[in-house]
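Reading through the structure tokens given below for one structure.
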């Protein structure tokens, strides 16, 4: 057992006076053997301990490497007709080389990710022997969970390689965070560590705002300073020296442009576009407004008041016209309704005795009826009010005489009114009918 980098001593002696022939050191036996030492081979790492001795063929292998591990044989050859053959060989010396792992290398993702996204970081080390190795991860000094390390042998099986991966979710304050991969092996007096700055994998979207000084609206021909403030820049920008770092490890930048406030620039949009770290452009806009002079503002106000007054007058006139049209239509309709009214006739009682006159003095005992007849029509009109205390009479008249008023009169003798139940009057083609209602005393 030998540690990598040290010197390996292999001892071999032969009896004095043996058969003539060379002595060689072979690594492995059979068809796959490798000659390590031969007097005819010059290897700077392999030297003979006693260079002039014909019995001591011990050698030293300097700066032992993992690939030097294997079984070594000291072999005595003798000459023969076919060349040479093996005369004697030792039992073989098995050599194991304990090799320390190489310093761990930590690598992150090929593309940067935004806050809230997960990224994988890998730690690798190799060239160690024996196989057993342990890996721990730390973030900002605190341990975090990682996958079990993957250990694979090298081509010669004399050493091993290791790979360990951890997944972390990026946060805005990870700009200053550091991942540490700690490797422990039996050949190490102290753990080996590899580090990775999460700022290499983190992409923070910058915030942009545009401020005008003085703020709009401004007077004509005034110079206005528009300043674009960019904050939360996740890493340094090349060829820009005005970056300022904040306590979180992010950077901020300000850019200024001067604009003269002329009348033709009123309402102009001043846009600041920021493109950073292969992200989509961010645009922020401010508008330049020109203040209206006092006289012009007063003139505009007066014009507005005049327009308002005109609108009010037009509204009043329109309202009056509408009301006048409505009144005229109403009068026309009332006149037409009056012209279509039917002729009327009043029924009255004849003069009676003084007793009857006394009774008639009571306004409640008056009996009368207005008869309305439509021209050229024959209909029966019923009194609007009917009750069980009424007496009824049918009035039959001959064809009305031709006259201007076209009135029909009838005298009723109340004494002869029948108190029989109400029944319809007989219908005749030359008659007109009316129903008379008389209240009881």
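First residue shown is number 1, and so on along the chain.
Every residue gets a Cβ built from N, Cα and C, even glycine.
Please treat TrEMBL annotations as automatic predictions, because they have not gone through curation.
According to TrEMBL, the compositional bias 'Polar residues' annotation covers 355-367. According to TrEMBL, the domain 'Ig-like' annotation covers 1-74, 103-205, 206-283. Under the heading region 'Disordered', TrEMBL lists 85-114, 340-367, 421-441. Marked as transmembrane segment by TrEMBL: 308-332.
Across the region 'Disordered' (85-114), DSSP helix (H, G, I), strand (E, B) and coil residues number 0 helix, 16 strand, 14 coil. Counting residue by residue with DSSP, the domain 'Ig-like' (1-74) contains 3 helix, 27 strand, 44 coil. Residue counts for the domain 'Ig-like' (206-283) under DSSP, split into helix (H, G, I), strand (E, B) and coil, are 3 helix, 42 strand, 33 coil.
Taken as a whole, the domain 'Ig-like' (206-283) shows an average pLDDT of 83 in this prediction.
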